[in-house]
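Listed in TrEMBL:
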- 81-104: transmembrane segment (TRANSMEM)
- 111-131: transmembrane segment (TRANSMEM)
- 151-171: transmembrane segment (TRANSMEM)
- 183-208: transmembrane segment (TRANSMEM)
- 228-250: transmembrane segment (TRANSMEM)
- 328-350: transmembrane segment (TRANSMEM)
- 365-384: transmembrane segment (TRANSMEM)
- 432-472: region 'Disordered' (REGION)
- 444-472: compositional bias 'Basic and acidic residues' (COMPBIAS)
């Protein structure tokens, strides 16, 4: 019995025991300045090739891989070839569809640049899975493997970042005053800058243990850095959902509802096969040359019939029934899917195992479900749900239009005009006076005189009406 146990302990492929190969590899560690076993696999592979030739023994390859940090999705084997090729093709098709939608919109003057980002994101996934297919045929190709891992991890962070941009547009639609304030924009831009640093640190923490010999203490430190980035990615994945919740937790204020917004009224539908009329956005911009000055500085928001604020309308305001319940659902679903995959990767990082002790959380099938199927579903939702229409915000008006300064003419006659009209010098204005006008008069508001009275009674500045009651 003891003899059998000893044989099992020293069995060639029992890497948790002490096979002869394990002792041989540890004899080489002093050559690497006593580095921790499992670090700088790139140099170890090159050293082994110089010592044993271009074809390394299978047992040596398996042992060296077994000493590496456990990965989400594990290290690829020959059976990874088929699913990797499948997702390479699928993400290629999704990327082409995003690019096609972007090109059609661009040709019609509808500039939604995030569609190009989705196409770029699909290209990253395509490269990541294509490299994994190559890596599965030779696991010693360290450079290929590292590049594949990075190209599979980064797209999920990009998804979260641009989901946050979409949630920000929903927030500004519901709270146009608060969503346009400098403080709000400063917070959002700060988050985007932080995530850029997060991506850089994630790449460094993933690369360095494979490219440099590290002491045991340094190796553990880089593992902890990976754990920290994993937690931050989880928290970051929840920001878009939190922003949506925040926008509905606090209802729009009176100042939000009274503030005029510039919505793309020419978008008539969010249907999958609908595209805006060619040049519609350009025609809308030209109408602002005839408008009041403050119309040209209205807050730009996404299109929705069920708006909570006054809308600067065009010559035609006939649109379909647009709402944003489905839009919020898109962001929530994508956030949940990204959260699941981020949680799975974080669990693998916190287990702090090496490859031969990988648990079910690092299962390659689960990885293909998360990084493959989930992100493919997200792309399909974006395409079918027409994110390019739902979250389109009108472009900034051209400088020549914004530079025009016109009088803030009221729809209602002043008291002096009414007095002079009785003497025959002026004709009294009435609602019928505009019956044949080519464009509906701006600002037909009932609260004009009450605002005017409040101005003189309270003595506050006119621009104070644009200060939101919403506090962050």
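Note: Cβ is positioned from N, Cα and C throughout, glycine not excepted.
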Chain residues in Cβ proximity to the transmembrane segment (365-384) (below 8 Å; excluding those fewer than six residues from its ends, i.e. six or more beyond): 72-74, 83, 87, 90-91, 94, 97-98, 101, 118, 122, 125, 128-129, 152, 155-156, 159, 272, 330, 333-334, 337-338, 340-341, 344
Most Cβ pairs under 8 Å with the transmembrane segment (328-350), selected from 111-131, 151-171, 183-208: 151-171
Residues from the same chain, set at least six apart from the ends of the transmembrane segment (151-171), whose C-beta lies under 8 A from its own: 73, 114, 117-118, 121, 124-125, 127-129, 131-132, 178-179, 188, 191-192, 195, 198-199, 202-203, 206, 233, 236-237, 239-241, 243-244, 246-247, 301-302, 324, 327-328, 330-331, 334-335, 338, 341-342, 345, 371, 375, 378, 387, 391, 393
